[in-house]
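J.: Okay, so Swiss-Prot annotates it like this:
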DOMAIN    2-241  domain 'ABC transporter'
BINDING   SER40, GLY41, ALA42, GLY43, LYS44, SER45, THR46  ATP binding site
REGION    265-343  region 'C2 domain'
BINDING   VAL278, ASP279, ALA280, PRO281, LEU282, LEU283, ASN295, ILE296  L-methionine binding site
Amino acid sequence: MIKLSNITKVFHQGTRTIQALNNVSLHVPAGQIYGVIGASGAGKSTLIRCVNLLERPTEGSVLVDGQELTTLSESELTKARRQIGMIFQHFNLLSSRTVFGNVALPLELDNTPKDEVKRRVTELLSLVGLGDKHDSYPSNLSGGQKQRVAIARALASNPKVLLCDEATSALDPATTRSILELLKDINRRLGLTILLITHEMDVVKRICDCVAVISNGELIEQDTVSEVFSHPKTPLAQKFIQSTLHLDIPEDYQERLQAEPFTDCVPMLRLEFTGQSVDAPLLSETARRFNVNNNIISAQMDYAGGVKFGIMLTEMHGTQQDTQAAIAWLQEHHVKVEVLGYV
């Protein structure tokens, strides 16, 4: 549905040249929810704005639904953009128009008959859960409701693609979850292809099928969400994953934790389990095999891309030789082990 090939984007600011994107290629199959994650300034917004040519690439090809956008005339591009809806971090609603009027705007601009406008807007407001807000004004809506109006407006022309530019970053966690569930529901009901950009791995984890990691204008990793979570290939991907699967060391342990081993100490470990290692009784097996005892301090389990993930903080009691052997055995069985220090 979306195929970006060798996209490069260069900005000129006076005598300065800024390369925002460097030879980026990305393929989003029809019906998928695809996430692009990166830190601020990585090139995410520039990338998504290249899809509908709000930013025209310096080099490269933009194919949407089989149509090469970069070769179209202005009138042809305007027509093609009707198949590409877009929502933003800021809702960009017209304060002087009601909810109905905001959603109706793109249809009115397209000279859609009034009866069809009324039918379509009513249908969309029901879809986004705002069937009772036809006559409300944006000033009377919550942030989540405003974003729902923006989603309905983006769907007014019945697009095949929806672009989401940090669409939940201005919302509180509970509202973010509800908007993500709405996007997932729309994707499922309408078969809509969704490309979203975010700096939060939790967004990717909740609804995306695939994810690409962008850094300094380059895609450094891309795969299914389950594969990236199970086997991250880059330090940046690992960092994003740890941001969504994290456990804080309790304060009383932080006060006692030392970087180097000392007499009668035990190592504190951070264990990450993915795939089959989540459900396997690996800690009890290490106790039997290596004569070590594991004191679990805290643990957390979650899902991403249909795959289960777990993280655990534990003390491992035993001789140095036994604990080293147990750690090596866990690593052989696809558990990521990090020695945080000694207590």
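One-based numbering along the chain as shown.
Note: Cβ is positioned from N, Cα and C throughout, glycine not excepted.
Help me understand the surroundings of these features in the structure.
T.: Listed in sequence order, ILE214, SER215, ASN216, GLY217 are the same-chain residues at least 6 apart in sequence whose CB falls under 8 Å from the CB of ALA42 (ATP binding site).
A C-beta separation below 8 Å, combined with a sequence spacing of at least six in one chain, links ILE296 (L-methionine binding site) to LEU283, MET312, LEU313, THR314.
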J.: May I ask for the distance between SER40 (ATP binding site) and LEU282 (L-methionine binding site), taken between their Cα atoms and rounded to an integer number of Å?
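T.: Spelling it out, the Cα of SER40 (ATP binding site) and the Cα of LEU282 (L-methionine binding site) are 39 Å apart.
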J.: Determine the minimum-neighbour residue: among GLY41, PRO281, listed as binding-site residues, which Cβ has the fewest other Cβ atoms within 10 angstroms?
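T.: Looking at the binding-site residues GLY41, PRO281, the Cβ with the fewest others within 10 Å is that of PRO281.
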J.: For THR46 (ATP binding site), which residues in the same chain are close in space, meaning a Cβ under 8 Å from its Cβ, but six or more apart along the sequence?
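T.: Sequence-distant Cβ neighbours: LYS9, ALA20, LEU21, GLU55, GLY217.
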J.: Looking at the binding-site residues SER40, SER45, which one has the fewest other Cβ atoms within 10 Å of its own Cβ?
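T.: Result for the binding-site residues SER40, SER45: minimum number of other Cβ atoms within 10 Å at SER40.
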J.: Filter the binding-site residues GLY41, GLY43, LYS44, SER45 down to those whose C-alpha lies within 10 angstroms of the C-alpha of ASP279 (L-methionine binding site); answer none if the list is empty.
T.: none
